[in-house]
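Q: According to Swiss-Prot, the protein carries these features:
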{"type": "BINDING", "residues": "LEU12, SER13, GLY14, GLY15, LEU16, ASP17, SER18, SER19, THR20, VAL21, THR22", "note": "ATP binding site"}
{"type": "BINDING", "residues": "CYS193, CYS201, CYS204, CYS207", "note": "Zn(2+) binding site"}
Amino acid sequence: MTLKNKSIVVLLSGGLDSSTVTSIAKKSEAKIFGLSFDYGQRHKKELHSASTIAKHFDIQEFKIIKLDLSLWGGSSLTDTKKNIPTEGVQTNKIPNTYVPGRNTIFISVALSYAEAIDADFIGLGVNALDYSGYPDCRPDYIKKFQELADLANKRGRENNPIKLWTPLLDLNKEQIIQLAMDNHVPLDKTWSCYSGDAKPCGKCDSCRIRNTAYKKWLNNKNKK
């Protein structure tokens, strides 16, 4: 799959994964259209990071869509009455940081945007190895959404489908950090923490996964 001179809509949250996807697309000489969402999340700082990453990689266009999922809550990320779990990733248990239908909604909006501007791909930072177990980050979900996308829009019906591009799907977090380093992602400008504080909490799942991977990456780097 070549991205050179192709148009791609990247769901850019400002975190490590989506920033790395943006860097890969940039290195591949794609025309990048960044899309982020102000969805009532408590960690709105990620929107500033997304804007910073968009400017860093000088992408074609960057939009922030207002879509308030906090109106019905259902997640500790959109309902401040719920506590963000800090006990670490639980096996076979989906944490309350899961936002009901979030990826389905976001990818659907990205699909509409991509079709409107005649983009060829939608870039997603989903990762099925070092993650919190969200159902909408899994390979089978991506496969089924691609089938839906092919049926649900004009380009799909004309046998010129918009493809979901998930370059990080089978990578662990340590490998993603290495890729980010190779592609000059300013990691200090990205935001992964679920809390709405000024600095990363270091306790939520997202912080734990990222920090553990970074320590492994640093340890391996120092061994070389």
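Glycine is no exception: its Cβ is also placed from the backbone N, Cα and C atoms.
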Q: I want the residues beyond LEU12, SER13, GLY14, GLY15, LEU16, ASP17, SER18, SER19, THR20, VAL21, THR22 whose C-beta is within 8 angstroms of the mean position of the ATP site's C-beta atoms, in chain order.
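A: Everything else in range on the chain: VAL10, ALA50, ILE53, GLY125, THR190.
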Q: Tally every other Cβ atom lying within 10 Å of the Cβ atom of LEU16 (ATP binding site).
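A: Neighbour count, Cβ to Cβ under the 10 Å cut-off: 27.
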Q: Sort out for me which one of LEU12, CYS201, CYS207 has the most neighbouring CB atoms within 10 A, since those are the binding-site residues we care about.
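A: Answer by Cβ density within 10 Å: LEU12.
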Q: Three states by DSSP: which one describes THR20 (ATP binding site)?
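A: Looking at the DSSP assignment, THR20 (ATP binding site) belongs to a helix.
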Q: Sort out for me which one of CYS193, CYS204 has the most neighbouring CB atoms within 10 A, since those are the binding-site residues we care about.
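A: By the 10 Å Cβ neighbour count, CYS204 comes out on top.
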Q: Helix, strand or coil for GLY14 (ATP binding site)? Use DSSP.
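A: The three-state answer is coil.
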Q: With a radius of 8 angstroms around the mean position of the C-beta atoms of CYS193, CYS201, CYS204, CYS207, what other residues of the same chain does the Zn(2+) site pick up?
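A: Everything else in range on the chain: ILE84, SER192, TYR194, SER195, PRO200, GLY202, LYS203, ASP205, SER206, ARG208.
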